[in-house]
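Asks: First the structure, which I've put down as structure tokens, then a few questions once you've had a look.
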Amino acid sequence: MDKKLYISDVTLRDGSHAIRHQYSVAQARRIAIALDDARVDSIEVAHGDGLQGGSFNYGFGAHTDIEWIKAVASVVKHAKIATLLLPGIGTVRDLRAAYDAGARIARVATHCTEADISRQHIEYAREIGMEAVGFLMMSHMQTPRALAEQAKLMESYGATCCYVVDSGGAMNMNDIRDRMRAFKDTLRPETQTGIHAHHNLSLGIANSIVAVEEGCDRVDASLAGMGAGAGNAPLEVFIAAAARLGWNHGTDLYRLMDAADDIVRPLQDRPVRVDRETLALGYAGVYSSFLRHAERAASKYGLKTVDILVELGRRRMVGGQEDMIVDVALDLCGAREFASSASGRADLI
């Protein structure tokens, strides 16, 4: 492959979920320096849930988005700084503040059926000189053709790149292949495509490779897979695989390997890996950032995290419905108490 892959690191945004949004500015700077030295193309910086994500619903960050962005902007020399915005959480004013702090790429994220709510934010990003990227979360919940039509809307608003986003880590290689082909068939030739994979079924690397085979231009990944659920496609692993395939990625593999093991992995207060709980996310098709919230609810109410996650999947809950996790836990408690009571009555008969 002759074309240069665009390597988009998400350690300082999606990776924030893995440590409950507690990066210090010093840690953000150190990670950014390592990534910049390794020559990634962009570094995404924000609360895990995007600009203004710090809240009771999603969890408060150790710093504000602007503090993190300024910290990274003060040290990077090569990579562009990206940030993420979810309409309804962040506003155009937040985009302006991020731009003033040093961000130059606005990744506007919506649920995969709601691209129409991105119009104001994509148009504003272009107006102030930012690159605008459309980010269709939970892409497994739409058919390939319907998803491509949502991407077409984002393109019409001014997005120059549109992403297939496997937020639940629920897709396999055929799912990715079908969606990338639909994008290529529907979008203009000059509109780039991207893949954002999660590793809940251990397919983050495989899915990213398949996406590139189908013409994908940009690949999201993170050091040590740092991200929600079982994490994102591990950046250093993807680069090693890409190198073995002879692809032009333009990064320094060994610097990335060192950064993953020496800087990022020691920050994890819960291992970012495929285990019982994160596997349940992928199997049930649940938004990966629900993991820590579900674990907290399970501990509080004496439930199994897997039971909560599977029920969330059955109800088709999506990003932004974190407040419903407690409701699901209470419903499961009620069902447990009813079953216990019914069993007790049966014993008396």
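Here the Cβ of each residue, glycine as well, is placed from N, Cα and C on the backbone.
This is the feature table in Swiss-Prot:
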DOMAIN    5-257  domain 'Pyruvate carboxyltransferase'
BINDING   R13, D14, S167, H196, Y287  substrate binding site
SITE      R13  site 'Transition state stabilizer'
BINDING   D14, H196, H198  Mn(2+) binding site
ACT_SITE  H17  active site, proton acceptor
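Any idea what these are sitting next to in the structure?
Replies: Classification of R13 (substrate binding site) by DSSP places it in coil, neither helical nor stranded.
Around R13 (substrate binding site), the same-chain residues six or more apart in sequence whose CB sits under 8 Å from its CB are E44, V45, A46, H47, G48, G50, A82, T83, L84, listed in sequence order.
In three-state terms derived from DSSP, H196 (substrate binding site) belongs to an extended strand segment. The C-beta environment of H196 (substrate binding site), restricted to residues of the same chain at least 6 apart in sequence and closer than 8 Å, consists of V10, F135, Y163, V164, V165, D166, S167, D220, N232.
Within the same chain, residues at least 6 positions away in sequence whose Cβ sits under 8 Å from that of H17 (active site, proton acceptor) are G48, G227, A228, G229, S288, S289, L291, R292.
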Asks: Identify, in sequence order, the residues in the chain of D14 (substrate binding site) that are 6 or more apart from it along the sequence and have a CB within less than 8 Å of its CB; answer 'none' if there are none.
Replies: E44, G48, D220, S222, M226, G227, A228, N232
Asks: Could you say whether, by DSSP, Y287 (substrate binding site) belongs to a helix, a strand or a coil region?
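Replies: DSSP call for Y287 (substrate binding site): coil, neither helix nor strand.
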Asks: Would you kindly give the Cα-Cα distance separating H198 (Mn(2+) binding site) and Y287 (substrate binding site), rounded to the nearest Å?
Replies: 10
Asks: Counting Cβ atoms within 10 Å of each candidate's own Cβ, which of the binding-site residues S167, Y287 comes out highest?
Replies: S167
Asks: So how many other Cβ atoms are close to H198 (Mn(2+) binding site), meaning within 10 Å of its Cβ?
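Replies: Step by step: centre on the Cβ of H198 (Mn(2+) binding site), count other Cβ atoms within 10 Å, giving 31.
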